[in-house]
Amino acid sequence: MKIFDYEDIQLVPNKCIVNSRSECDTTIQFGPRSFKLPVVPANMQTVMNETLAEWFAENDYFYIMHRFDEEGRIPFIKKMQEKGLFASISVGVKEREFGFVESLAAENVIPEYITIDIAHGHSDSVINMIKHIKKHIPEVFVIAGNVGTPEGVRELENAGADATKVGIGPGRVCITKIKTGFGTGGWQLSALNHCSKAARKPIIADGGIRTHGDIAKSIRFGASMVMVGSLFAAHEESPGETVELDGKMYKEYFGSASEFQKGEHKNVEGKKMFVEHKGSLFNTLTEMQQDLQSSISYAGGKDLNSLRKVDYVIVRNSIFNGDRDQNL
């Protein structure tokens with residue numbers, strides 16, 4: 001089993017067949033809808049809120065609303081659908097969440113997407129929730145995770161998941177690997193590679209994305225969609241407190257299993273950090289799309305599929321070559 005991560009890999013260019021990168025198509029079909037980019041903001045409180053969810057849906061980007069305002073989920077679905085927008089929500093696996101799914105069916109409030117969102121998704125509780133959703137609201141596109149093994153992907157798919165989310169603790173504000181000794185931190189791209197070979201349905205790569213080039217690498221190794229946390233945090237539109245430190249503006253960014261999200265110091269597997277303010281989210285999305293178009297042109301194609309076929313080399317932590325401060 002080859003073990004590598006994002007910084008260990010460079011993709012090998014092919015002959016370019018376009019006159020301009022603007023000819024390259026970054027759209028992706030994911031479930032019942034098509035989206036401008038194969039990228040989704042992490043369903044975290046410091047990355048996604050209702051205002052941003054609305055903006056993403058209006059502009060043909062995929063989003064997943066976090067699950068930390070449980071009472072607000074049904075009103076959120078109704079509001080989005082009244083505006084002619086798709087609804088994409090998260091659920092956990094506690095007993096009350098099974099009742100919540102039944103209430104969606106009873107009230108005929110059916111979101112287009114539901115993400116079952118727990119840290120260790122290869123579990124009986126997630127399998128039971130997948131089956132529960134498919135029994136009561138079978139038309140919903142169900143994303144389940146997170147897993148880090150081919151066995152996990154297969155079991156969730158066999159239970160009825162329409163997509164699986166791969167990544168155990170590789171994110172910047174996740175400390176699972178330190179607290180538990182388990183995870184895909186440091187070999188997330190390799191884990192994605194192995195999981196995608198077992199998958200029959202789409203995979204979301206979740207965690208460890210530090211640069212726009214990592215998005216192209218995720219697609220090369222089997223992702224249909226790439227979940228991004230820290231790169232989407234700390235924008236003008238982002239949730240979270242803004243602070244000034246040494247004359248620079250920063251925004252808070254914390255993990256979904258941190259004490260700042262939980263409100264208590266118990267079973268903590270996340271931390272809080274401050275990320276330098278990045279300006280407009282629209283500008284970041286535009287740059288992300290342009291960089292991905294460039295990636296497609298280097299791959300020798302016109303769409304995302306060309307990225308899946310390119311060769312790669314393993315270069316062991318040398319891609320930055322002194323060009324980038326790795327503390328960023």
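Cβ coordinates are placed from backbone N, Cα and C, and glycine is handled just like the others.
Database features, via Swiss-Prot:
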- Cys174: active site, thioimidate intermediate (ACT_SITE)
- 203-226: NADP(+) binding site (BINDING)
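Everything Swiss-Prot records as a feature, shown here on the structure.
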residue : record                                : Cβ within 10 Å
Cys174  : active site, thioimidate intermediate : 26
Ile203  : NADP(+) binding site                  : 27
Asp206  : NADP(+) binding site                  : 31
Ile209  : NADP(+) binding site                  : 28
His212  : NADP(+) binding site                  : 19
Ile215  : NADP(+) binding site                  : 26
Ser218  : NADP(+) binding site                  : 31
Phe221  : NADP(+) binding site                  : 24
Ser224  : NADP(+) binding site                  : 20
(request) Please state whether DSSP places Asp206 (NADP(+) binding site) in a helix, a strand or coil. (result) strand
(request) For the residue listed as 'active site, thioimidate intermediate', just give me the three-state DSSP call. (result) strand
(message) What does the structure give for the C-alpha distance between Cys174 (active site, thioimidate intermediate) and Ser218 (NADP(+) binding site)? Integer Å is fine.
(response) 19
